[in-house]
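To keep things clear, I will list the structure first and then write my remarks on it.
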Amino acid sequence: MVDDTPGKQDLHSLYPDPHDRPLMGKPEPGKNLHTRLYICEFWATCLLMIGGVCSNVAIGSPHSPVARSLADWPNLLSALEGLVFGLSSTLAALSPFGRVSGAHLSPSISLAFYLGQRLALTDMVFYMLAQISGAVMGTGLVAASGLIWPVWGLWCQSSRFAATVPSPFVPPWWAFVGEINTTAILVAVVLLCGARPALRRFAAWAAGPVFFVLNPFEAWLSGDSTNLARSVGPALISGSWGHFWVYLLGPFAGASIMIVLIRAEAFGRVHLHEARLAYFGHGGRAPFFLSRWFRHKGRASGEAR
């Protein structure tokens, strides 16, 4: 359910403001702020972190039976952690919150959409703020759950809430270069899927397989963040701020480099459609939330009968 094209339906029944197209970089004149989008992006990122942190703790905590059973296959364990964290982004993208905001879930992705002229500067800044605060909220809720269930809290603390920390065995700039490379790859996969009609249905599902492949190579080096918000949340809760400049600069550099390559047509002619990871077909508009969506779906199914 990633293409929700309105077709010939009355646009006013689907969108609060049909003339406002912020997710194509074409906001309505005089309408520079889109609070509804930022709120939905906040909660979508919160969902990402709840799913991602919980799954990574459940798999990778030293107290986890999964981690103990895969102790002889650390690369497989790392790949599985990447897969489930990536699939948490799919959950967030396909949620009602992600349907409204486009579910960038990462400042790197929002920057890429801005540089690709599919998001205004003001919207990009507020999306980033929403993502960072949503990541803090999501990680904080996981930490709060540990107060209710102390055993789970011990698991979370032993995993530092899935914090990303550069390896102490190599210079930090190695982790920085790794973050540049992995972010560039993720941005390329996501944007190329979204740009091609035949692949758009897979855009929201791309992160899981990408991290499954990249994690064995990058997780030991930097934690394979690619996402400033994803790193801020666990760092704030666990206090793991070591060499944090790696995550402040690396993902932005990787996203910027990839957009330069895309605009130089290094991968052929690529037309970025909308600033979305799912539910393409709205022409850059932000649809109503859940109740109106069900109403529209009900009408559509009734007409089909």
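Cβ coordinates come from backbone N, Cα and C, glycine included.
Quick look at what TrEMBL annotates:
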REGION    1-27  region 'Disordered'
TRANSMEM  37-59  transmembrane segment
TRANSMEM  79-98  transmembrane segment
TRANSMEM  125-152  transmembrane segment
TRANSMEM  172-195  transmembrane segment
TRANSMEM  202-221  transmembrane segment
TRANSMEM  241-262  transmembrane segment
Out of 37-59, 125-152, 172-195, 241-262, what stretch is closest in contact terms to the transmembrane segment (202-221), meaning most Cβ pairs under 8 angstroms?
172-195
Find the member of 37-59, 125-152, 241-262 that has more C-beta pairs under 8 Å to the transmembrane segment (172-195) than any other listed stretch.
241-262
